[in-house]
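So that you can see what the record holds, here are the features copied from TrEMBL:
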BINDING   378-385, 424-428, 478-481  GTP binding site
COMPBIAS  65-139  compositional bias 'Basic and acidic residues'
COMPBIAS  140-160  compositional bias 'Polar residues'
COMPBIAS  167-183  compositional bias 'Basic and acidic residues'
COMPBIAS  215-255  compositional bias 'Basic and acidic residues'
COMPBIAS  256-265  compositional bias 'Basic residues'
DOMAIN    369-538  domain 'Tr-type G'
REGION    65-274  region 'Disordered'
REGION    372-520  region 'G-domain'
Amino acid sequence: MAKTRVHDLAKEYGMTSKEMLGHLADMKIPAKSPSSTLEDAYVSIVRKKLKPILEERAAVIEAEKKAEAEKKAEEERIAAEKAEKERIEAEKRREKERAEEERRRAAEEAARKEAEEKRAAEEAARKEEEERNRVRDNAPKSTPSFSSLLDQIAQQEKVLQQQAEENAQKKEASRGRGDSDGRRGRKNSSSRNNSADTESESRGRGKGRKGGRRGGQEEDRYSRMAREAEEYSRSKVLEEAREAVEEATRESTGRRKERKKRRKQQQAEAAKEARIEEALANDQDISQLDTVKVPQGSTVADLADLLGINPNDIIKRLFLLGTPLTMTESMSDELIELVADDLGRDVKVMTKEEENSFTFYDDPKDLKPRPPVVTVMGHVDHGKTSLLDAIRHTGVAEGEAGGITQAIGASQVKINDRIITFIDTPGHETFTAMRARGAKVTDIVILIVAADDGVMPQTIESINHAKAAEVPIIVAVNKIDKPGADPTRVRQELTEYGIIPEEWGGQNMFVDISAKKHMGIDTLLESVLLEADVLELKANPDTFASGNVLEAKLDRGRGSVATLLVNRGTLHVGDAIVAGLSFGKIRAMIDPRGNNVTEAGPSYPVEVLGLQSVPMAGDEFRVFQDERDARSLADERALKARIEEQNKVKHVTLENLFTTMEDAEVKELNLIIKADVQGSIEALQDSLDKMDQSEVRINTIHSAVGAITETDVILADASNAIIIGFGVRPESKAKAAAEHAGVEIRTYSVIYKCIEDIDAARIGMLKPTEQEVQTASIEVRNTFKVPKVGIAAGCMVEDGEVSRDDLCRLVRDGIVVYEGRLASLRRYKDDVKSVKAGFECGVGLENFQDIHVGDIIETYRIEQVARTE
Ligand SMILES: Nc1nc2c(ncn2[C@@H]2O[C@H](COP(=O)(O)OP(=O)(O)OP(=O)(O)O)[C@@H](O)[C@H]2O)c(=O)[nH]1
């Protein structure tokens, strides 16, 4: 029998031999040294007794390990915290250094400027002094101070001389010699005066002769006085200059600030003036000039840029508002307004539609009456098309009638020498779609209601849409020629919706008509004119045109063709225009009767050729004086649209990451739709919107009129989208790019076929349902014990065919007592893959022993079944 040595056993238990020997001694098992051998019986006793000790040790080790792990985690946490702290500290330090550096630079700059100014002042003083010196050196005799002193001295001497002579005269007079004497005296006096003059002259002359003694004295005195005077004036000038320098230095800091402030103010005022001038030149409303226009979804950095402030100012405020955001995060409309309010700034959050729209201002004296623009709305089959048809034939000579084509999506009729413009795409869908794009093109709505049918669901919708747009409604009660027609009932029914006939004291005009028999059409049109008079529709025709795109398409021969409705100004051939994202110079204009025209005034619809791309229905258009301005605005808009489109597809922010992950179960079908006309896109989109999107979300990531381009393929590739072409084909470059990138392009000419395909794709993408497929029913006939397996059942496959991998449930008296998998499937002693009905087999169940005779084992598998809906 094998024997075990003490040191082997000790090794097995991860202890020292000495330790093991100690345990053996405790157990009274004889062993002397690590090399002593132990009988198996002893070994098993040791194992049994050491088990709890080992478990305890394992537990201790486990606990130690756990503690170690916790300690490590704690250390890591502390390290992470420390690192974060250090990072923040470093950031703060850097920030401080930056601020310090800025302060230092500002101080340096201030000092530099100050020194410059001082230098300039000193220079000025020096120059002045130089100038004085120069004058003095060049013409010392003419120095005003010196010569004036000489003059003064000469003057004083003269005065002294005179006084002396007068005194002498007085003495003579006091001797008293009568009048004659007085006269002689006067005469003498004058002769003396003369003689004094002569004396003075002679003395003056004598100066030259006897100048030696007396002249030397005089010179000393004069030169001293002159020197003193010069010194005085020099020190005075220097003092003044010094004072001026000091004054300049003292005031420079305060003045600099003041000057800077003034400069800024002047700049702001100049900028505002420029804005006003520009707005006036473009006829824009100047009342809103102080309002900063902020695009919806702007980031903190964008807003700071628009407001011309430091982004930190906004971040601080957001923090205080409890909504901390970083520079690149978007702000909600409310936050933008709140922050701007806090900063004392006036902002307007602009939607995309608003961003692309223009506001004009017209002087009331420039406004002139314009024709009304009318849309016909009503329930299906109540006669919209028939009415428009009847209207188009009104006032047209018989021979001309056949030639009228609904060429441009709008028509005009002349009645009583006045014009009415009709939008030819009837229905509230178009009306609302336009309005949704911010276009208010209709002045009056004609609500058509069939007199034999009355108010129907779409009648009500039309009323609601017209009311929401605040457009007056004229009711045309149609089909009065029909036998069952009841116009009064229509009036009655409409009162429920707030449409009350004028004859009943309400606001709405009602006209009974028959579109088919051309009855009442003139009266209806006259009512439209009456309503238009009430509305006092006016516009300024003498300015650059602006208005809306009614419809636009790509024409193979003519390129981009758009129907525009002018609502202000006059449109001319040759005008440079921007319509939505499109730019162009108008090449030709066609009026509703198919005639080429050269101009179109307010309320006139025209089809224009010359746009470089296809705008969208509802887009605003505007003529620019300078073609370059038009082009750059269109480019700017197109670029912005492209960026937005790309952002739409790509960006997942941390905020929406989790929701996206949660939504991962929801599959998406991304589409890019290109079509020949806008109408097709809208129709297709409408059908898509109506599809069940609870499990497969259909995203139209981009839709536009025009051929399928390489850019579309790039977008589809980036966003895993399918391109749907409607009446358009891919350009050859796009085709190659699609093949290269594996992007699917499908082209159609019929809407329903496209819808059918998309629906099929949608269903194909649905998550398949799981279905249980029963494989066999097995009856337990016997049970027996199998080594290693436990209880196994001797069974008969009653039905189907059981496979080894099948799932199963054990049913006893109709109750499921076990659900799981087969542990074994045997025929006699062999494991088999499957057993068919009518054969016996041995079955073991995974982790289940409680099998009774008479139990039924049902086996099955789960199959994934593609859904048909
Ligand atoms: N008797 C009679 N029938 C009319 C009159 N006006 C229209 N209808 C008929 O009513 C049907 C529907 O007219 P439409 O003009 O197509 O009606 P709609 O509202 O444009 O219909 P949708 O375009 O489908 O919304 C046509 O068969 C017309 O001939 C009318 O004044 N009298």
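Sequential numbering from 1, following the chain as shown.
The backbone N, Cα and C atoms fix where each Cβ goes, and this holds for glycine too.
Here the features listed in TrEMBL are placed on the structure.
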residue : record           : Cβ neighbours (10 Å)
Gly378  : GTP binding site : 27
Asp381  : GTP binding site : 13
Lys384  : GTP binding site : 23
Thr425  : GTP binding site : 21
Ile480  : GTP binding site : 21
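Among the binding-site residues Lys384, Thr425, Ile480, the residues whose Cβ sits under 6 Å from any atom of ligand 1 are Lys384.
Across the domain 'Tr-type G' (369-538), the prediction's mean pLDDT works out to 84. Broken down with DSSP, the region 'G-domain' (372-520) shows 46 helix, 39 strand, 64 coil. Counting residues of the compositional bias 'Basic and acidic residues' (65-139) by DSSP class, helix then strand then coil, yields 74 helix, 0 strand, 1 coil. DSSP labels the residues of the compositional bias 'Basic residues' (256-265) in these numbers: 10 helix, 0 strand, 0 coil.
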